[in-house]
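Asks: Take this structure first; my questions come after.
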Amino acid sequence: MSVSLSSLILLPIWISMAQIQQGGPDEKEKTTALKDLLSRIDLDELMKKDEPPLDFPDTLEGFEYAFNEKGQLRHIKTGEPFVFNYREDLHRWNQKRYEALGEIITKYVYELLEKDCNLKKISIPEGYGVIVLNPNENYIEVEKPKIPVQSSSDSSDEPAEKRERKDKVSKETKKRRDFYEKYRNPQREKEMMQLYIRENGSPEEHAVYVWDHFIAQSAAEKVFFVAHSYGGLAFVELMIQREADVKSKVTAVALTDSVHNVWHQEAGKTVREWMRENCCNWVSSSEPLDTSVESMLPDCPRVSAGTDRHELTSWKSFPSIFKFFTEASEAKNSSPKQALTRRSHRIKHEEL
C-alpha cells in the first residue's frame with residue numbers, strides 16, 4: 001500500500017503530541033526530538049505538487065505557442081487560444097506564467113515592428129514621421145542586494161564557549177524562521193526591487209516626457225494622436241498639463257476604447273470643449289463601424305469600432321481613423337480661421 005509523505009509526517013507528530021500531553025519523564029527529550037523532526041521537513045518537496053516551480057520557458061516554442069497566418073496566438077498542438085487557468089486553483093502560478101509569456105510576446109512585437117514595418121528602435125527618435133510611445137515600460141526589476149547580517153556575538157570579551165552557544169541559538173532561530181517562511185511561501189521568488197525610469201515612472205509621465213523632448217520640439221506642423229485604452233487617459237493628462245501647446249500643434253486625436261474620464265481627471269472646461277471638436281473615440285460595440293454611441297460624459301463623440309472586443313478596436317477602426325485625420329488636415333489647410341470661428345460659434349450656442 002502506498003502512503004503519501006504527508007501521512008508519514010502527520011502520524012508521528014500526532015503520537016508525540018499525545019504522549020507529551022499525558023506527561024512523562026522524557027517530555028523534554030521528546031519535545032526536542034519533535035522540533036528536530038519538524039526542522040528536517042523539506043516543505044519545498046511537500047508543496048511541489050500544489051505549486052510547480054516558477055521556472056518558465058524563454059521562447060514561444062517553449063510555451064508551445066505560435067502566431068498563425070492571421071496573427072493569432074494559438075497552441076501548437078491543440079490550436080486553442082491562450083488559456084490563463086493552465087492549472088486549477090493556482091492563481092499566482094498562472095499569473096506568473098502569463099507574465100512570462102507576455103514578456104516574450106513583447107519582444108516578438110518589437111521584432112515585427114522592425115522587420116515588417118521597417119521601424120527602427122533607437123533611443124532618440126528625432127526626424128521620424130511616426131513616433132510609437134512605450135508608456136507601459138516604467139521601471140526595470142533587479143534583484144535586491146542582500147544586506148549582510150552582523151552577528152551580535154563578536155565580542156572578544158566573552159568566553160569562547162559562551163560565543164559558540166550564542167551562535168548555535170542564532171542558527172537555530174534562523175532555521176526556524178526559514179522553516180516557517182517556506183511553509184508560508186514554498187516557492188518564494190528572489191527578492192526583487194523596481195528601479196523606476198527617471199521622469200517616466202508612469203504612462204502619464206511618459207506621455208508628458210515624450211511631448212516635451214520630442215513632439216513639441218519637432219518641425220511637424222500637424223500632429224495626430226492614436227491612443228488606445230489607458231493611452232487615452234494619458235493623453236487627457238497631457239492636455240491638462242500642456243493645454244496651450246497641445247492645442248497649437250495637435251490637429252486631431254483618435255481614441256480607441258479609451259478609459260479616460262474627464263470628471264475624475266478634473267479636466268477643465270476649455271479642455272473638454274477642445275476634445276469635443278478635435279477628438280473621436282472608437283469604442284467597443286456590436287454596432288457597425290462608425291455608428292454613433294451615446295455617452296454619459298461631456299467630452300468627445302463616441303462611435304462604434306465595429307467590434308465588441310477591446311483589443312481589436314484600433315485595428316478595426318483604422319480606415320475610419322485615417323479618414324478622420326485626412327478630413328481634419330484638409331479643414332485646417334483650407335480655412336483654419338473659418339474653422340476656428342465656426343468652433344467658437346458652436347461653443348457659444350451650447351452655452352446658451
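Cβ from N, Cα, C; glycine included.
Just so it is clear, the model here is predicted, and its values are computed rather than measured.
Taken from TrEMBL, the feature signal peptide covers 1-18. Look at TrEMBL and you will find 56-125, 126-289 tagged as domain 'Arb2'. The region 'Disordered' feature in TrEMBL is assigned to 144-183, 333-352. Summarising the annotation, TrEMBL assigns compositional bias 'Basic and acidic residues' to 159-172. Residues or ranges marked as compositional bias 'Basic residues' in TrEMBL: 340-352.
Context for these features, please: burial, neighbours, distances.
Replies: According to DSSP, the domain 'Arb2' (56-125) comprises 29 helix, 6 strand, 35 coil.
Mean pLDDT for the domain 'Arb2' (126-289) in the predicted structure: 84.
In the compositional bias 'Basic and acidic residues' (159-172), helix, strand and coil residues by DSSP number 13 helix, 0 strand, 1 coil.
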